[in-house]
Amino acid sequence: MSVNITPGKLREMKKEGEKITMLTAYDFPTAKIMEKTEIDAVLVGDSVGNTVLGYKNTIPVSMEEMLHHTKAVSRGLENPLLVGDMPFLSYQASIEDAVRNSGRFIKEADAEAVKIEGGSEFLEQIEKIIETGIPVMGHLGLTPQRIHQFGGYQPRGRTIQEAKKIYEDAKKLEEIGVFSIVLESIPRNLARKITEEVDVPTIGIGAGPDCDGQVLVFHDLLGWTEFSPKFLKRYADLISIIEEAVKDFQKEVRSGEFPDSEHSYGVDEEIREKLMNQLE
Ligand code: KIV
C-alpha cells in the first residue's frame, strides 16, 4: 500500500520505533525507482555537485542547479517525502535569502521540505523559514559546505568541545521546530545520546546504528562512485556493470554482430518491391 510520507509521519515513525530510510536522487528515472520502493524520503542533495556534475565538492552548486534536479525528481515522485538541499550561500548571508531560496524549492520545484547544514549559526534563518510554513530538516556533524574550514572529510565530534556543540545544536534545532536532523560522520555514542534526547527523528550517515533512520548517497550505495568511507556499504557494483555493457556494445558493433535482424526494421515484400521500383 502506498503511503504519502509527511514530516509528521517521520515523527510518528520515531515514536513507533520504525526505522526511517532516505536516499538521494537527482533525476526522473531514479525518482521512478524510489517510487516503486518503500523509501520514506528522497533528498535532492547538493552532493549532486560531486556525484554527477563533476565538481570537486558541493561548494560550487547553485540554486539553479538544485532547482533543475529537484524538478526532475519531483516529476517522478509521489509518495516519499521530497526534500531539497539548500546549497552553499543560498541561506548563510541573510534571513531574506534563506526564506526566498527555500520558498523557491517549494514553489518552483515542488519539494515538500528543505535541508539546511549548520546549527546555532543559522537559527534565525531556520526559524524564519519554518515560520513561513516550510518544513526544515537540520544537518549536523560533518557538514560538507564547511569542508575548507574543517580541512577534509574526517569525522566530527571527536573532541569534547565539538561533541558538546553538536549536541547543543541538536537541542536548539529541535526547540525551534525542525522536523528531523541528519547526523553525518560523528561517533555512534554521540548520535545515540542525541537520538535519545530529542523528540525529532535523527537520520544518520556515518553516525552508527542507533539513529532513527539512515541515509546514503544513491550513487555511493550502487557502487557508481569511487568514494569509499568506512561507513559506506555498497549494495551493487554499477561501475563494473556499466563498463562491461559499454565494452560489449563496442565489441559487437566492431564485429558486425550488432545490429542483427532482430534489432533491425524490415518492410513486407509488397512494399519492398514498390520501394525498390521507385528507387530504380
Ligand atoms: O548532499 C547530500 O547528499 C547530503 C546527504 C549526505 C545527507 O547532505
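Glycine too: its Cβ is placed from the backbone N, Cα and C atoms.
Annotated 3-methyl-2-oxobutanoate-binding residues in TrEMBL are ASP46, SER47, ASP85, and among LYS15, LYS19, LYS115 the one listed with them is LYS115.
Taking every protein chain shown into account, ASP46, GLU184 are the recorded positions, and of these the Cβ with the most other Cβ atoms within 10 Å belongs to ASP46. Within 8 Å of the centroid defined by the CB atoms of ASP46, ASP85, GLU117, the record's Mg(2+) site, lie the Cβ atoms of GLY45, SER47, THR58, VAL61, MET86, PRO87, PHE88, LYS115, ILE116, HIS139, PRO144, GLN145, excluding the listed residues themselves. Separation of the C-alpha atoms of GLU117 (Mg(2+) binding site) and GLU184 (active site, proton acceptor): 10 Å, rounded to the nearest whole number. The binding-site residues under consideration are ASP85, GLU117. Their Cβ neighbour counts within 10 Å are lowest for GLU117.
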